Amino acid sequence: MLEMKSRWAPYWQAAPLAIVLLIFFVLPLLVTLAVSFWTYTGYSIEPAMVSDNYASAFDKCLASLPDLCTTFRTYLSTLKFCLIVWLITLVLGFTVAYFLVFEVKSNNMRLILALITTIPFWTSNVIRMISWIPLLGRNGVVNQWLLSVGLISEPLDWLLYSNFSVVLALVHLNTVFMIVPILNSMSRIDKSLVEAAYDTGASGWQTLWNVIIPLSKTGIAIGSIFVITVVMGDFISIGLMGGQQIASAGKVIESQINALQFPIAAANAVVLLAIVLMIIWTLLRFVDIRKEL
Amino acid sequence: MARPADLELASVTKRYGDTTAVDSINLKIKAGTYCCLLGPSGCGKSSTLRMIAGHEAVSDGDIVLGHDIVNKLPPAKRGTAMMFQSYALFPHLSVRDNVAFSLKMKGVGKVDRSIKATEALKLVDMTRYAERLPAQLSGGQQQRVALARALVTDPQLLLLDEPLSALDPFLKIKVRAELKRFQRELGISFIHVTHSQEEAMALADLIVIMNNGKIEQMGTPREIFNAPSTEFVARFIGGHNVMPLEGRSISVRADRLSLSPGGGDGVAASVREVEYQGTAVYVSLATDAGIEMTAIVPERAFYQQPFETGDTVTVHWNPDDIHELSASA
């Protein structure tokens, strides 16, 4: 009796989370997958098992190569943002984490500064983005200041509703996703390892490259997954900060949903999911994140 | 191979803000000496070691290694190497790469690196484990790897920061013997920080006892045990009974006390505790005046005339065994 109980105990303990994940994650995903094979017309959606939606998502894409079709260009542009934002958040996040772990000596100060990095999360991300507008607009604070200092003679147009502002907003929103996991794995590095490296004659950069980066690898990978998945699926920031002029994979799906074209939106979502999973799979080939769990 | 060198500390001082951790100490260590810095925690022994290693800046005074003042040099330029308390092996690198790390930092080629690392590993008998990660080794094995990593640079001086504290008691004694053997074979000086007087006695050619940032006494283990200069040393080294005698402070070794049943010459005391230790029996005593003493009585002698807790006994010692102490420095 007791044996029976203990054998099933772990399953019971895991059951609540498993059920939540099943209902709110696996099931919707399966529904999306199923809907992506349905057919639709201007006024109806019918269950079916056709690959038309995938075909029309990549309409004439292969035929028109080497010219890029709209879909490819959209994905390329999304990937470009993803790469730029990933690089910037990685450098920023790593630097901030390094500063917090190795330069800040007092534990209280470290805690306070780490909490400060989460301040952007105290408001909704829409508000965070909108607050850039009075700053970066044609008559915004930045332009007026630059004008008054005399650095420019007429307002800069590229500050807002541009690639620049999109990247800026995405970096602003996502850097903390990079900081926290890197901070987590970096703070586990035994300080005596840094001393040992110094003892063996390693320079600061050598210690960084040979000791600190390899030991922060799992944090870097987890942070990268956060940032890449968020940016790849983003449509709010790119829409808002790009003045609705910049295409992104997420935006395509959003506009299809708005047009009630659920099947093709689902097909696009599945494609996007596949691409993101491929990126993550590649990342995980380099890093074993189980070490961090 | 390493060129053994003398080490000299000339009024070396370390201050942290207002507190003085190491107070103007002078110390000469001849090449090829096994030196133990011994003292309670906070006595300044670790700060001293870290200053010699170059991990802590010297506030005042000079550290001379061989013919050079090395105060301002980074560790790798001093010809010292340090073995850390928890060994500080790089967890992401194999044993071989750990040992070869300093060579890699110097830009030594891969092949030479591997050859030298293998040599160092051979020295500590760890070649079999070259491809393992530190986490896959036992404490004693990790310690050997740390030693190999320190020795691969051919240091003139090896600094060990409580190297045995992470090991279990059984292993401690085994590794202790190994350290001594390595030191003898290499012929370089080892400076070993410890708070265990037993460890220091077993290993050291020269024991330096520190307290409150100052050197309390230095000498060979026998000199120190037989002639502790201060009350602090006598108490810290153990095996001594410190007591007042006609206004002076004296010590008598615990194994020089003899006990007899009540009456006769000597000091009357009552038995507080009897501890059987195998080869000897430790008898804790307290006199009427409240002075506490310990007598170490050989097993056979004790059981010819056993005492129990609460018995009144007379404690004797030979006047020659009285050792005068100066006031604690």
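Even glycines carry a Cβ here, placed using N, Cα and C.
These numbers come from a predicted model, not from an experiment.
What TrEMBL lists as domain 'ABC transmembrane type-1' is A:75-283.
Taken from TrEMBL, the feature transmembrane segment applies to A:12-40 (among others).
TrEMBL lists A:83-104 (among others) with the feature transmembrane segment.
Annotated transmembrane segment per TrEMBL: A:111-133 (among others), in sequence order.
Residues 81, 84-85, 88-90, 92-94, 96-97, 100-101, 114, 117-118, 120-121, 125, 128-129, 132-133, 136-138, 140, 142-143, 216, 218-220, 222-224, 226-227, 230-231, 234, 237-238, 240-243, 245-246, 292 of the same chain lie 6 or more positions beyond the ends of the transmembrane segment (A:158-183) yet place their CB under 8 Å from a CB of it. Marked as transmembrane segment by TrEMBL: A:158-183 (among others).
The transmembrane segment feature in TrEMBL is assigned to A:220-242 (among others).
Only residues 6 or more beyond the boundaries of the transmembrane segment (A:262-284), in the same chain, are considered here, and those with a CB under 8 A from a CB of the stretch are 29, 32-33, 35-40, 45, 53-54, 56-57, 75, 221, 224-225, 228-229, 232-233, 249-250, 252-253, 256. TrEMBL lists A:262-284 (among others) with the feature transmembrane segment.
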Other parts of the chain folded back onto the transmembrane segment (A:220-242), taken as Cβ under 8 Å at six or more residues beyond its ends:
78-79, 81-82, 85-86, 89-90, 93-94, 125-126, 129-130, 132, 160-163, 165-166, 168-170, 173-174, 177-182, 185, 213, 248-251, 253-254, 272, 275-276, 279-280, 283-284, 286-287, 289, 292
Same-chain residues near the transmembrane segment (A:111-133), Cβ under 8 Å, at least 6 residues beyond its ends:
96, 100, 104, 140, 160, 165, 168-169, 172-173, 175-176, 179, 183, 236-237, 240-241
In the same chain, which residue numbers or ranges, 6 or more beyond the ends of the transmembrane segment (A:83-104), come under 8 angstroms Cβ to Cβ?
110, 113-114, 117, 167, 170-171, 174-179, 182-183, 186-187, 189, 194, 208, 212, 216, 219-220, 223-224, 227-228, 231
